[in-house]
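According to TrEMBL, the protein carries these features:
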type     : residues : note
TRANSMEM : 26-45    : transmembrane segment
TRANSMEM : 72-93    : transmembrane segment
TRANSMEM : 99-118   : transmembrane segment
TRANSMEM : 125-145  : transmembrane segment
TRANSMEM : 165-185  : transmembrane segment
TRANSMEM : 192-216  : transmembrane segment
TRANSMEM : 228-249  : transmembrane segment
TRANSMEM : 261-281  : transmembrane segment
TRANSMEM : 293-310  : transmembrane segment
């Protein structure tokens with residue numbers, strides 16, 4: 001009898017610790033997962049549209065715009081926009097440490113759909129990479145911190161103007177200006193970390209601003225108008241500036257270097273810096289014990305391992321190692337596609353800003 005009582009008590013404690021996810025966290029989780037599905041699917045649909053358009057007109061890879069008349073490509077673009085909107089909304093409900101790493105799940109969606117719809121081979125180690133991403137994501141979800149209760153955008157502004165985050169933002173901006181004005185003219189075409197560094201540093205600030213703007217809109221829709229605060233519009237300006245900067249330098253990176261090399265490095269740097277920024281600004285770890293923090297970091301490392309493994313083996317055929325030069329090849333095959341089976345990067349493909357999903 002005593003044994004049954006102790007077992008029931010232990011079970012009750014386990015349930016309390018693992019079903020304590022708040023309603024906002026659950027909403028953010030569902031939005032982040034749906035975002036991954038939409039965005040992962042969008043790249044396959046757009047790719048099929050580009051192939052179909054290229055078969056009857058000038059290919060996008062050589063400067064053509066026939067894809068603009070292809071309904072399939074537009075279907076992919078609309079799907080991606082829906083996914084990005086869902087991702088934007090997810091940051092309004094859940095902490096960045098939960099939402100951002102889940103972006104890796106779109107890599108799985110793209111890889112699986114490419115295997116099914118585009119007949120691209122998924123190596124067994126790529127399958128293992130998918131499993132690692134799922135395991136890491138599950139670990140983070142189960143141990144993610146609760147979303148901080150915020151009642152106005154002014155409160156977010158107070159968090160953003162605390163000394164710790166101001167110091168972080170100052171360091172990020174200083175490093176970004178050094179990279180843009182000193183390093184890119186000399187090393188931009190030869191060192192992959194230069195462009196990716198700019199994208200990742202600016203990206204961490206853009207996510208914090210997106211989250212602030214998302215919270216303001218969420219509160220406004222719930223009846224507490226936040227549009228009357230100047231901070232809301234300042235965060236909006238920061239979001240636009242950061243997104244334009246990210247888009248510019250991410251496109252430069254993808255145009256200069258091999259996508260399979262850019263994607264995992266960008267995902268690692270962008271996600272790591274975003275988590276760091278969120279921990280500093282929103283103090284996510286203050287609401288967690290050391291065990292939860294270490295477990296989250298283990299989950300993140302597991303996702304990184306899966307992402308690198310999936311990208312590293314994406315071109316393996318029959319056990320042969322992939323040949324992945326760091327710099328992108330300027331030559332294409334007869335269909336206008338490079339050795340990786342993807343068209344040369346162009347504005348037609350649409351580059352998402354929160355993760356390297358465009359690689360798929």
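Using N, Cα and C of the backbone, Cβ positions are placed for all residues, glycine too.
Predicted, not measured: the structure shown is a model, and the values here were computed from it.
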Of 26-45, 125-145, 293-310, whichever stretch has the most CB pairs under 8 A to the transmembrane segment (261-281): 293-310
Interface-richest range of 26-45, 99-118, 165-185, 293-310 toward the transmembrane segment (125-145), CB pairs under 8 Å: 293-310
Of 72-93, 99-118, 228-249, whichever stretch has the most CB pairs under 8 A to the transmembrane segment (293-310): 99-118
Considering the transmembrane segment (72-93), which listed stretch of 26-45, 99-118, 228-249 counts the most C-beta pairs under 8 Å: 26-45
